[in-house]
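Colleague: To start, I am sharing the structure in question, which I have written as structure tokens.
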Protein chains: 2
Amino acid sequence: MQGQRIDVASEKPYPVFLGVTLENLGEYLATRIGMGEHLLVVTHPNIAELYLDSLKKGLPSFRVDTLIVPQGEEEKSLERISELTSAAIAYGADRKTVVLALGGGVIGDLAGFFASMFMRGMRYVQIPTTLLAMVDSSIGGKVAVNHPAGKNLLGDFYPPLAVWTDFSTLETLPWEEMLNGLAETVKHAVIADEELLSFVERHAQDIKARKPELYKELASRSSAVKVKLVSEDETEQGKRMFLNFGHSFGHALEAEMAYQGITHGQGVSIGMVAATHLAQERGLMSNAEVQRLINLLKSFGLPVSIKGKNPQTLIDLMGADKKNYQGQKVLVLPKGIGQAIVVRDAKDEEIMRAWKKVIK
Amino acid sequence: MQGQRIDVASEKPYPVFLGVTLENLGEYLATRIGMGEHLLVVTHPNIAELYLDSLKKGLPSFRVDTLIVPQGEEEKSLERISELTSAAIAYGADRKTVVLALGGGVIGDLAGFFASMFMRGMRYVQIPTTLLAMVDSSIGGKVAVNHPAGKNLLGDFYPPLAVWTDFSTLETLPWEEMLNGLAETVKHAVIADEELLSFVERHAQDIKARKPELYKELASRSSAVKVKLVSEDETEQGKRMFLNFGHSFGHALEAEMAYQGITHGQGVSIGMVAATHLAQERGLMSNAEVQRLINLLKSFGLPVSIKGKNPQTLIDLMGADKKNYQGQKVLVLPKGIGQAIVVRDAKDEEIMRAWKKVIK
């Protein structure tokens, strides 16, 4: 088996395999679970068309069923969990069944949360097929569905059996999807890895030209940041919070637009800029550092501002963030490039000023 | 603080307090969580009317909100979880909020599962007000909701912060509800505590006369069996399975009747008799032991047979049990009085014969 292995320290530690192939998953699984076990692939229609055959080719010694979930963030719902439950029962799934979450963040979050609760918990493997899922959502065991009252409002910390990353699935990924992963990679760089930021700046042109070799290094470095922060703090009491940089602002923006006409990457991009302005006002970032972030995001075509939003509405939406504590908004601010801090004393006035910097 | 404390060994150990008062919970909570924290009581209308004031009297130093859930097993649903989520957000709940599950098994299972997933996990306290919840469902951290495809099909192992048992709430409990707890107590006795069975036999008249002192001892002894089995096997890989005695049969019966016209205690009672007949056929129980169980159940007015059921339908329903493995039904059989075994090789023919013994 080729590829790289990083282990995530966790209450239940698990390995992240980078640069492996879909076809080889079966070989690995045979070392972890019994032969002949029941596998339930949860995936999207287009991913199934592109990659299901490759995946299944490596699984001749297992009983494999597939559940196809329509594309879209709105599928991350309790209603879809209920439908997956009916389908799983119809396929004879039991608590020994292993779920294979083949897809991006939506599939990983949905299938993982489903696995966490079906018969009080099945095992599952994350098989991310988007850059976002590879560097971010597949690592850390956070699974969830959305609720009308908030994104990812219902979920669990539920570590997978393993994360299995085949970079070749990136070849068919639309550029817009790639941008979601790049936004998170820039986030990782800003909060914890100045060298990664330099790497991304240096190779911005090759990244846009989509050179496969580059993505392997980019994804590996970016994943490593996530693994490190998650390993140090699985249940998000401390350092893992840093990963929320740009997200309190970004989620509010996504929520205000009802997740239409804005991608997660775009929300995070604008959110990072807003948080960085707030950090600058507090003396945590220099003007040059703020500009460095803005220039990099712009070079990929990620937005750094948005038109015609009401900042008060966005502040109200930030009030529903599950990181908040006793009504106080909890924010992550960068401290220069490569470090971050959590602040619990941000006043609505300064959050307002930060929003105004990114609303044109 | 009066009362008895038993600690449950668990990944996250927690105490079970027996014989304490609702009014004293606040005093204890103040030692576990910060003053001024947000508490969310989840309860039924009638329990609220009877006991909410007593509970709140002890909580002046906390911010307390109450969510009232209608009575009924059908409230254990993902739909109700979704409604609780909206209500909790409206009350400003966050991940530091502590849920107080004040009620019987339905409230404990529903509120506990809600706590397990809201913002990926809040803390919660089990405050059982029925004998069934006191001796069984409040202990062990198993929480769940039902699904059209099966009872308790979606859930989690999610230990509470503590279990807080005030026996005085039993005084208002209808006899039919008491019987649910008695059925589980007989179960505990048969699988693990012959002395408890003798105790129940000896005091059957006083139990029926509802002498409060007796319930304290009964509940304490019965809870102790549950604590012991759960402590030895939190995630139900081994001995905890014994607690399923009577339940594979009983759940099938409850499911066949769509949970109408049969209580859980009645289902378990008939289920235990069926399983015991199967055990007798395998030479695990003597005829006298079978009769001893039947006589005790009958003395309380618990049913030991049922009319006009189709055994094949019931066997099919047993096929959906989440304890099953690779299509094979997993059953718990008593081995004399005070011991049990798990069998994974039961044939449908012998299960059919066991059903026929209890179908008149």
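Glycine is no exception: its Cβ is also placed from the backbone N, Cα and C atoms.
What TrEMBL shows for this protein is this:
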- B:67-178: domain '3-dehydroquinate synthase N-terminal' (DOMAIN)
- B:GLY105, B:VAL106, B:ILE107, B:GLY108, B:ASP109, B:THR129, B:THR130, B:LYS142, B:LYS151, B:THR169, B:LEU170, B:GLU171, B:THR172: NAD(+) binding site (BINDING)
- B:181-324: domain '3-dehydroquinate synthase C-terminal' (DOMAIN)
- B:GLU184, B:HIS247, B:HIS264: Zn(2+) binding site (BINDING)
Colleague: What's the most sparsely packed of the binding-site residues B:THR130, B:THR172, counting other C-beta atoms within 10 A?
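Modeller: Among the binding-site residues B:THR130, B:THR172, the sparsest Cβ neighbourhood within 10 Å belongs to B:THR172.
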Colleague: Fewest other CB within 10 angstroms, which one of the binding-site residues B:ILE107, B:LEU170?
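Modeller: Sparsest of the binding-site residues B:ILE107, B:LEU170 by Cβ contacts within 10 Å: B:LEU170.
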Colleague: On a simple 10 Å Cβ count over all chains shown, which one of the binding-site residues B:GLY105, B:ASP109, B:HIS247 is most densely packed?
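Modeller: Going through B:GLY105, B:ASP109, B:HIS247 one by one, the largest Cβ count within 10 Å is at B:ASP109.
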Colleague: Within 10 angstroms of the C-beta of B:GLU184 (Zn(2+) binding site), what count of other C-beta atoms is obtained when all protein chains are considered?
Modeller: 29
Colleague: So among the binding-site residues B:LYS151, B:HIS264, who's got the most Cβ atoms within 10 Å?
Modeller: B:HIS264
Colleague: Between C-alpha atoms, which of these binding-site residues comes nearest to B:GLU184 (Zn(2+) binding site): B:ASP109, B:THR130, B:LEU170?
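Modeller: Among B:ASP109, B:THR130, B:LEU170, B:THR130.
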Colleague: Averaged across the domain '3-dehydroquinate synthase C-terminal' (B:181-324), what pLDDT does the model get? Just tell me the whole number, please.
Modeller: 93
Colleague: Per DSSP, what is the residue tally for the domain '3-dehydroquinate synthase N-terminal' (B:67-178) in helix, strand and coil?
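Modeller: Helix, strand and coil residues of the domain '3-dehydroquinate synthase N-terminal' (B:67-178) number 46 helix, 33 strand, 33 coil.
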Colleague: Going by Cα-Cα distance, pick out whichever of the binding-site residues B:GLY105, B:ASP109, B:LYS151, B:LEU170 is nearest to B:HIS247 (Zn(2+) binding site).
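Modeller: So, spelling it out, the nearest of the binding-site residues is B:LYS151.
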Colleague: For the Zn(2+) site (B:GLU184, B:HIS247, B:HIS264), what does the 8 A shell look like? I mean other same-chain residues with CB within 8 A of the CB centroid.
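Modeller: Checked against the 8 Å cutoff, the neighbours are B:LEU132, B:ASP136, B:ASN180, B:ALA183, B:LYS187, B:GLY246, B:GLY250, B:GLY265, B:GLY267, B:VAL268, B:GLY271.
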Colleague: Between the Cα atoms of B:ASP109 (NAD(+) binding site) and B:HIS264 (Zn(2+) binding site), find the distance and write it as a whole number of Å.
Modeller: 14
Colleague: Between any two of B:GLY105, B:VAL106, B:ILE107, B:GLY108, B:ASP109, B:THR129, B:THR130, B:LYS142, B:LYS151, B:THR169, B:LEU170, B:GLU171, B:THR172, the residues recorded as binding NAD(+), what is the biggest Cα to Cα distance in Å?
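Modeller: Between the most distant Cα atoms of the NAD(+) site, 29 Å.
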Colleague: In whole Å, note down how far the CA of B:HIS264 (Zn(2+) binding site) lies from the CA of B:ILE107 (NAD(+) binding site).
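Modeller: The separation of the Cα atoms works out to 15 Å.
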